[in-house]
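What follows is a set of notes on a single structure, which appears directly below.
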């Protein structure tokens, strides 16, 4: 009799797509685990991938935790903009920790199996922190809109209560999106294959493997995409439309430069986050190879959270000075 691992690998080699009929469902054992295909099957590449992604994960953790500590301990940075920044760094740490540690362990142990419950948990946190990233970037855009378009009322509008409420609503909406997606996936009991052509349980990949009505799945995915993608992007575009209109009306070139410089870091992060996400979506739509889409998704799941602290620290003098003060205190 074939053991479980041999059965999974046998399914992997079989190119036929099979779903049980209504009568056959009673005699079919439901899948209890999946097989993540990863980025490459080349054994010689595995040590290189292990070192590369372990380094990137450590840099991401160090950079974002340094931002959180700097904002927390420096009273000069106790303002709405840096409050949102510290929460964004926390979301980035959580977002990366959802997928990257599992991939690093898989590379080291040469075991790419993940249980059904583990896959569902990973997908749930991926949706939660991915959506939270998007909503926090929208809150930061609103903060910049108030600061530039209504500078005299900034302290009154962006009070601690409103800032806390915006973060709380972002978390609440992200939880709703995550649980909505989970409620659909929990209805899926049979799959065409146990092989997921990714290095983590990608929601779209799992839904494509499901033996169920694609129409319902697509409606849910479009709804989730609207909440976590379209609405935040619309809010950011509207905020920056008002910001640019306000800046162009400023008579002083120095005032225009100062206003633009306060938005530079946030705009860079927005372009990096949404630009890479859109690029991965378009590349996966054009490319016939799911693994190429997995490689491309490294950019927004790993590279973007790693670069965010560098963008803010290099472009922001307040963050630079606060970091030096923190380092002098610790040394």
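Glycine is no exception: its Cβ is also placed from the backbone N, Cα and C atoms.
TrEMBL lists 63-312 with the feature domain 'G-protein coupled receptors family 1 profile'. The transmembrane segment annotation in TrEMBL covers 48-69, 120-142, 162-181, 219-241, 262-282, 294-314.
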Whether the transmembrane segment (294-314) meets the transmembrane segment (48-69): three or more C-beta pairs under 8 angstroms: yes
Contact set, same chain, for the transmembrane segment (162-181): CB under 8 Å, 6 or more residues outside the stretch: 80, 83-84, 87, 123-125, 127-129, 131-132, 135-136, 139, 142, 203, 220, 223-224, 227-228
Same-chain residue ranges lying at least 6 outside the transmembrane segment (219-241) that approach it to Cβ under 8 Å: 127, 130-131, 134-135, 137-138, 141-142, 144-145, 173-174, 176-177, 180-181, 184, 203-204, 207, 263, 267, 270, 274, 277
Arithmetic mean of per-residue pLDDT over the domain 'G-protein coupled receptors family 1 profile' (63-312): 85
